[in-house]
């Protein structure tokens, strides 16, 4: 019968995994916490701005913007989770109970998973709209809500699984180095799951990129196409490039480090880069708001209204729905369908 260590301290498991647990604040710890809190505050403010804009502007009441709002909610949650981590790290880690430690890690896992799955959902939605030459997806609001619900259920399951059994409290030899209470098999599973999602995203966006490039080549041979269509295509290519670049830069290092730790790599000094790759993944929550929102002209216009309202409270603000002009509403391709009138 296995012996479990439910009554041991966090320090016991850190010593078992040979992960350093300091009792005083070092300069490195102070810098990491200061930078982490700064990033968290910016992530909270930017994503809260996105959510507010989507709520008050009726023009954003479409599937893509609901998914964008959910992505902002996931990134907002990631900011809160990372801020919670910053207040419970360094010398404070040794003072945590096992329950609090699991809560700290579960918040991070749930929020980061929700953000990644949201990115995948947006990629699939963009693929559908681009290839059907539509302005917005025909997905009903009910189906969007179901999709959003499934995203959070998946994120919660992956985030809470370790707390309810997939840990190493009863098998110390299976404890990971980066997360001393987690089983290495869980880290392997979590890293591979995210890398698979990443691969799917690369395939989807590469397909979009190739299609757009071919479409632009064919368009250049004809002068009958609306200029707005070409502008949209060029903007879409730029956005796809930014999305892939940001995702690769921010997520790949962390997933690789987690995978190496999960596989039990003895020669890999994963602890030396642990906090930095986690911070890099958190920065992606900030980049998401910029890429998916700030490149949208109507979204930027709504942001300005919100900020003006906050700066000048005495002025009366009433969100208005900006109507599309004839050229925007009737940007048609040869088959007569709407083109994508968004850089998302």
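Glycine is treated like the rest: Cβ placed from N, Cα and C.
As recorded in TrEMBL, the features of this protein are as follows:
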TRANSMEM  30-57  transmembrane segment
DOMAIN    46-292  domain 'G-protein coupled receptors family 1 profile'
TRANSMEM  64-87  transmembrane segment
TRANSMEM  107-124  transmembrane segment
TRANSMEM  144-166  transmembrane segment
TRANSMEM  186-212  transmembrane segment
TRANSMEM  233-256  transmembrane segment
TRANSMEM  276-294  transmembrane segment
Distant-in-sequence neighbours of the transmembrane segment (64-87), which means Cβ under 8 A and at least six residues beyond its ends: 33, 36-37, 39-41, 43-44, 47-48, 50-51, 54-55, 104, 107-108, 110-112, 114-115, 118-119, 121-122, 125-126, 129, 136-137, 141, 144-145, 147-148, 151, 155, 278, 282, 285-286, 288-289, 292-293, 342, 344
Tertiary contacts of the transmembrane segment (186-212), as residues 6+ beyond its ends and Cβ separation under 8 Å: 109, 113, 116-117, 119-120, 123-124, 126-127, 130-131, 158, 161-162, 166-167, 176, 178-179, 233, 236-237, 240-241, 243-244, 247, 251-252, 255-256, 258-259, 261-263
Non-local residues, at least 6 beyond the ends, that sit with Cβ under 8 Å of the transmembrane segment (276-294): 32, 35-36, 39-40, 42-43, 46-47, 49-50, 53, 68, 71-72, 74-75, 78-79, 82, 108, 112, 115, 119, 122, 239, 242-243, 246-247, 249-251, 253-254, 257, 300, 303, 344
PLDDT averaged over every residue in the domain 'G-protein coupled receptors family 1 profile' (46-292): 85
Other parts of the chain folded back onto the transmembrane segment (107-124), taken as Cβ under 8 Å at six or more residues beyond its ends: 64, 67-68, 70-71, 74-75, 77-78, 80-82, 84-85, 147, 151-152, 154-156, 158-160, 162, 190, 194, 197-198, 200-201, 204-205, 243, 247, 251, 278, 281, 284-285, 288, 292, 344
